[in-house]
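Comments concern the structure below.
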Amino acid sequence: MSGTGTAEAAVRAAVDGFRAVHGGEPAGVWAAPGRVNLIGEHTDYNDGFVMPLALPHTTRVAAARRDDGVLNVHSADVAGGTVRLHVGKAAPGGGAGGADGWAAYPAGVVWALREAGLLSGDSGRTAGGADLYVHSDVPTGAGLSSSAALEVSVAVALNDLYDLGLDAERIALLCRRAENAFVGVPSGIMDQMASACCTAGHVLHLDTRDLSRRQVPFDPAAEGLRLLVVDTRVQHALGDGEYARRRAGCEAAAEALGVRTLRDVPHEELDAALARLADPDLRPLARHVVTENQRVREVMARLDAGETRAIGPILTAGHASLRDDFAVSCPELDLVVETAVAAGALGARMTGGGFGGSAIVLVEETGAEEIGKAVVDAFAAAGHRAPRLFEAVPSQGARRLDG
Ligand code: GAF
């Protein structure tokens with residue numbers, strides 16, 4: 001399934017689009033989803049724990065190999081037609097050999113595959129050239145990982161087209177390299193792992209230090225619950241420096257504490273660790289990361305005990321920590337959480353990097369409509385743009401859609 005229709009319709013649309021733009025037939029159609037993160041925010045670049053789930057919304061890529069080392073990539077969602085570059089010349093930094101804007105993501109993926117020695121970039125059977133037609137229903141700028149969905153969808157397509165034999169973890173790592181070193185965003189590994197590895201009906205528990213993971217059953221609907229996504233439509237961007245500043249602050253805190261990363265500060269030693277941090281600006285950052293890792297442990301324990309409703313207050317506590325300690329929320333995200341909880345939600349929190357984007361709200365199915373309406377009304381009363389609401393159904397990670 002794509003977020004807005006059946007897999008068959010998504011395949012048809014992608015194939016038709018490919019034919020119209022590139023001519024000829026694609027070799028196949030691949031898809032990779034966006035995600036929401038249930039808990040474990042800003043922990044992934046601290047070697048910590050995260051618990052994302054894949055959305056039904058996907059980026060689809062219809063693709064065919066080219067043996068001349070040329071990458072022609074066309075997005076149905078962006079004005080400006082087809083971007084053309086040579087795999088052998090792809091290089092970070094835009095301009096000749098590089099690519100700007102959305103095209104930097106697919107260009108970054110072929111660059112990372114070439115750098116890893118998996119594609120040659122010359123002409124011939126390992127060149128890495130391709131015609132790609134990309135179409136997505138993952139909202140962009142909404143903190144729902146549209147970038148990772150684009151990277152991973154292109155990577156799984158090239159993996160199959162060139163018989164590279166990469167597993168989901170390797171694909172995620174290469175896509176993160178594309179994002180960090182080619183696009184220039186210093187993100188962690190959560191989003192790429194979520195898009196590559198999540199499974200339907202589960203939330204992915206991931207240890208970002210060694211990438212060990214567990215698929216934890218999570219099916220709110222089966223328990224009379226709903227996990228709502230509220231896209232505030234406040235555009236979020238990780239490239240504007242605030243994300244990098246938080247990351248640098250966490251690294252400085254770890255260094256000051258003499259640990260490899262903040263993951264290595266035990267929750268029970270938090271107070272002592274905070275007392276040793278001379279820089280008062282670093283204390284709230286460290287407190288957030290250490291308490292957030294603990295919240296992931298608690299959520300996991302509640303889910304293992306079959307007490308899904310009990311995760312609600314832990315989610316809300318996570319939001320308070322992101323708002324007050326990590327300072328990555330915004331008035332619109334806070335309004336979603338306050339309004340939803342006051343209207344009877346079990347719990348709510350911002351999800352993803354923050355500075356805008358989306359919140360998740362866990363509700364009883366019977367209260368979903370009323371709570372959603374309360375949020376929409378609160379936005380109208382505050383003079384904010386109307387938010388977009390939809391349900392987060394835990395869905396399948398990256399896959400080939402046809403055949
Ligand atoms: C963004 C990043 F891409 C992730 O790696 C992660 O750090 C997240 O923000 C915050 O948890 O989505």
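Quick reminder: no glycine exception, Cβ is built from N, Cα and C everywhere.
As recorded in TrEMBL:
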type	residues	note
ACT_SITE	D191	active site, proton acceptor
BINDING	E41, H42, T43, D44, Y243	substrate binding site
BINDING	S75, G141, A142, G143, L144, S145, S146, S147	ATP binding site
BINDING	S147, E179	Mg(2+) binding site
DOMAIN	18-65	domain 'Galactokinase N-terminal'
DOMAIN	108-197	domain 'GHMP kinase N-terminal'
DOMAIN	305-379	domain 'GHMP kinase C-terminal'
SITE	R35	site 'Transition state stabilizer'
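Everything TrEMBL records as a feature, shown here on the structure.
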{"residue": "E41", "record": "substrate binding site", "DSSP class": "coil"}
{"residue": "S75", "record": "ATP binding site", "DSSP class": "strand"}
{"residue": "G141", "record": "ATP binding site", "DSSP class": "coil"}
{"residue": "S146", "record": "ATP binding site", "DSSP class": "helix"}
{"residue": "D191", "record": "active site, proton acceptor", "DSSP class": "helix"}
{"residue": "Y243", "record": "substrate binding site", "DSSP class": "helix"}
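The number of other CB atoms found within 10 A of the CB of S75 (ATP binding site), across every protein chain shown, is 25.
Checking the recorded positions E41, H42, D44, A142, D191 against ligand 1 with a 6 Å cutoff on the Cβ atom leaves E41, H42, D44, D191, in sequence order.
Distance between Cα atoms for T43 (substrate binding site) and D191 (active site, proton acceptor): 12 Å, as a whole number.
Maximum C-alpha to C-alpha distance over the listed ATP-binding residues S75, G141, A142, G143, L144, S145, S146, S147 is 20 Å. For the binding-site residues listed here (A142, L144), the lowest count of other CB atoms within 10 A around the CB belongs to A142. In sequence order, G34, T59, S136, V138, P139, T140 are the residues of the chain that are 6 or more apart from S146 (ATP binding site) and have a CB within less than 8 Å of its CB. For the binding site of substrate, formed by E41, H42, T43, D44, Y243 according to the record, the largest Cα to Cα distance is 12 Å, rounded to a whole number.
The binding-site residues examined here are G141, G143; by Cβ neighbour count within 10 Å, the least packed of them is G141. A strand conformation is recorded for R35 (site 'Transition state stabilizer') in the three-state DSSP classification. Using the Cβ center of E41, H42, T43, D44, Y243 for substrate, the list of other same-chain residues with Cβ within 8 Å runs, in sequence order, G40, Y45, N46, G48, V50, G188, M190, R246, V289, E292, G353. Looking only at Cα atoms, S145 (ATP binding site) sits nearest to R35 among the recorded positions R35, D44, Y243. Checked against L144 (ATP binding site), the recorded positions R35, H42, E179, Y243 differ in C-alpha distance, with R35 being the nearest.
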